[in-house]
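One structure is given below, encoded as structure tokens.
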């Protein structure tokens, strides 16, 4: 007796469904779910895979599947794995690009790159994008203008050694430094330096649970006098193969010195810790790590 499906649908051609692009979120917790929802709402992928660590989080995936009626992503699936198997990313999807969103993001992005053996342009860390977004917001609040009209970068390490580029801060193209030369310095009677302090304090307070915003951290080698291989936040151009170009921002000598200090601090941490991390050849020790694995190859599974 024919099934209901057979009575309803007559198959004319056996067709293998291969996604044109695929995004996998590894170790889905609160941050990973925020990433997954953002990916779905922006219609970025044909297939979204969520890799969980706990059975109870399967309910999160089921909710996303139930809401797929309102989304354009045709396939949402889940898998349970241990983090040791995350290293299979390199072999099963050799053309993938990775976005690391867990802290300490700069170090973890470096370690993931070293483990993989891939070109560094395929690794992006969340970096200081959140810092920059908060920087814009706080400036807008103080000036009573919309944050979209406020422009300025926070570069370097994602943390207390991040570097606000006061020399390039502007509102709708108007340089604040030209209007107020003491901007961001200790001599500033308006204490604009406190804006960056608020950014740092907020990041430290909320660290590990602040990734509704995905950010930008790239390998900074040879720029701004930095000779060691470290991953710092700098503006870049993103193409289909990952990071294609880095935008070199003209910094003041003081800003460049602060950025160099940020790089030296990260390099010092890497020298002490990265050997043992890389030697293990797996990612299981990163208890809080969540990464987004972007597979744009239709041949990969």
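Here the Cβ of each residue, glycine as well, is placed from N, Cα and C on the backbone.
Annotations in TrEMBL come from automatic prediction, not curation.
Residues annotated as domain 'Lactate/malate dehydrogenase N-terminal' in TrEMBL: 22-80.
The NAD(+) binding site feature in TrEMBL is assigned to 101, 102, 103.
Taken from TrEMBL, the feature active site, proton acceptor covers 158. The Cβ of residue 158 (active site, proton acceptor) has 31 other Cβ atoms within 10 Å, all protein chains considered.
The average pLDDT the prediction assigns to the domain 'Lactate/malate dehydrogenase C-terminal' (217-267) is 76. Annotation source TrEMBL lists domain 'Lactate/malate dehydrogenase C-terminal' at 217-267.
Its Cβ taken as reference, residue 103 (NAD(+) binding site) is surrounded by 22 other Cβ atoms within 10 Å in the chains shown. Calculated from their C-alpha atoms, the gap between residue 158 (active site, proton acceptor) and residue 101 (NAD(+) binding site) amounts to 11 Å. Sorting each residue of the domain 'Lactate/malate dehydrogenase N-terminal' (22-80) by its DSSP state yields 28 helix, 17 strand, 14 coil.
With a 10 A radius on its CB, residue 101 (NAD(+) binding site) counts 26 other CB atoms from all the protein chains.
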